[in-house]
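Asker: Have a look at this one.
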Amino acid sequence: MARVRQEALSSLLSARDVRDLADRLSIRPTKTLGQNFVVDANTVRRIVRVADLTPEDVVVEVGPGLGSLTLALLEAVDRVVAVEIDPVLAAELPATVAARGRPGTSFEVVLADAVQLAELPGPPPTALVANLPYNVAVPVLLTMLARFPSLRQGLVMVQSEVADRLVAPPGSRTYGVPSVKTAWYASAKRAGSVPPPVFWPVPRVDSGLVSFTRRPAPETTAGREEVFALVDAAFAQRRKTLRAALAGWAGSPAAAEEALRAAGVDPSVRGEQLGVADFARIAAHRPGGARAAGEPAGTP
């Protein structure tokens, strides 16, 4: 578990502090940006504790908002880089950290859309800890894992049903594209639930914590984008057999069957029954020249 330094705790934001800050900045949380601010100090300290950080970790936080989780992170680690898309929030956050954060820590804020983010200042990040905006949680998580291979672990808070999809095993009702693509990068598991009342405004859904640990990608001669294109095709028609669902991907049903058999996969199964390693093997046997127009070549 992350060690909180009791001798120099931050002054965390209370529910009243969050509302006062929002009023002063004329901020109203918007559905467009998926904003729901955490207003409970016990919740943010719990998130940091479950994240299992060390002081040496370099943490990247996406969507810091008014800084509730940021301040709790700075109790446990020496450096946090926050990525915020809202210019008003991004401009205010350094002042909040300066006034309330643990002395001697390093903090930077990057004004950017996390999905478009290409680089971060300073040392490579080792952990992602974030209350991700509900409406872009999956693309943000996958983008961060793809662009920052130095991320070895993380804990994200997302809508509960999204959490279920991220950690779902093959064959389960919620298993799908997010499950497979997350598994390409990391092993993921549910790490708890978070009730609506700890947020402002109070959402109509529960939230869930998902922890992940980086692992090597499956062995394959296909690139990541080639595997992901296959996954998208397999789940676009998830009730069909792979022979039928992958006809467009392979060029024909017969070509799809040939690729599946070469990979040791029964053509009559559905995509929801396969793990990420299975998809990696199938992608390596895609018939030559079958790539659709405009589809990018694979990347490791």
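Keep in mind that glycine also has a Cβ here, set from the backbone N, Cα and C atoms.
This is the feature table in Swiss-Prot:
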- Asn36, Val38, Gly63, Glu84, Asp113, Asn131: S-adenosyl-L-methionine binding site (BINDING)
Asker: Below 8 Å Cβ to Cβ and six or more residues apart, same chain only. Which residues does that give for Asp113 (S-adenosyl-L-methionine binding site)?
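Answerer: The answer is Ile85.
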Asker: Starting from the Cβ of Val38 (S-adenosyl-L-methionine binding site), draw a 10 Å sphere and report how many other Cβ atoms land inside it.
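Answerer: Excluding its own Cβ, the number within 10 Å is 23.
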Asker: For Asn131 (S-adenosyl-L-methionine binding site), what is the tally of other C-beta atoms lying within 10 angstroms of its C-beta?
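Answerer: The answer is 28 other Cβ atoms.
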